[in-house]
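Report on one structure; see the data block that follows.
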């Protein structure tokens, strides 16, 4: 039951613009009623597209975010719930993400890369110390909190508490940044985040992921075998130390891969200009007092109108590959658009209540796939299911040829059901084959690289992926998570 059934999110916030959309949610910009200058991102999740299992995913996201207080992790303030929606009040980050920064300004020099990586590794260290694995670290989920290089890690829709002794089994994430143990259908642990960090470091220096191909099956095989190399034309620009760190992070054997603490102790990270790093940290100070940590924007109002929000109850979930068909995605997306237009035009006509419950421990042996994404390119918004969800569980099958065949079949089938909702004018048209011919100082990723950022769900020997059909993904609006 809501802790305050007489209060609505619209009692505290004026919702203005839609700034991001996803399969199950819409993100809007809002300001606080009493402090107009304070802006927030409101993530509105429609219950019309949430079944019980997907609701559990939302509970996990809220539970993890509510426990995170770190300068390099997006802030979560409170949440509200009504019969129609679940609303998360989040920090608004207006300066774009890492992908857009590379596209607009080109690759980083080593000092810029060092500042970004130390901040990212600091966030990952914080999560790993709390037994949380993020599972979807990629440029689109790394947000710039200021113009000094300060970053925030966002989008915790796939994050999960886990036990190191048990590990995780069901694969999810984004293919171009996924570790070999995921594509090989192996039990994996927090080291998958370190692999993703290695891909990020490579990306910001060379303008593309280490594993990239227009052919999805080829990219899958490259990751599985761990086959990559430094670009011959540009690798000379960077020190042996940074290339050594990349090699250690992109180690195929997860047991030999650097941990986050080892990465922070690496010579290249340790050689950072502490004055520069300190100036970045000052731009996004860590909340220290317990009172500040628990204070929500709504608490700025009088006590009679205050609203509390605690973590919802978490329930164990059976192993699940959350797959939706293209038609279901199209329907859900249209419903979300209609639903949120209604919200924007008549925001005070409905009441949303703060949700309150106690968190419980989730059975770590039960694994889930969370498709609660809201990315601004629609290759990340839907997962096409062309296989029966009740397929036989061949747990010992690691036949990569079968995996690749399934991957290709899903790609071909989805080409016939492709749906784009971004404007053609927003497309970046640069041929990936011409990447090596771009001037070294201005090398930038093509927009087609967004096609590599697809959520995947792998269970045992089955490969399921969201594929756009067109290799050039059209760019959408800024998503703050």
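Every residue gets a Cβ built from N, Cα and C, even glycine.
Same-site candidate for ATP binding, as annotated by Swiss-Prot with 19, 20, 21, 22, 23, 24, 25, 26, 27, chosen from 35, 39, 43: 43. Among the ranges 254-284, 285-315, the stretch that Swiss-Prot annotates as region 'Disordered' is 285-315. Fewest other C-beta atoms within 10 angstroms, among the recorded positions 21, 136, are seen around 21.
The most densely surrounded of the binding-site residues 19, 27 is 27 (count of other Cβ atoms within 10 A of its Cβ). Here the CA atom of residue 136 (active site, proton acceptor) lies 18 Å from the CA atom of residue 25 (ATP binding site).
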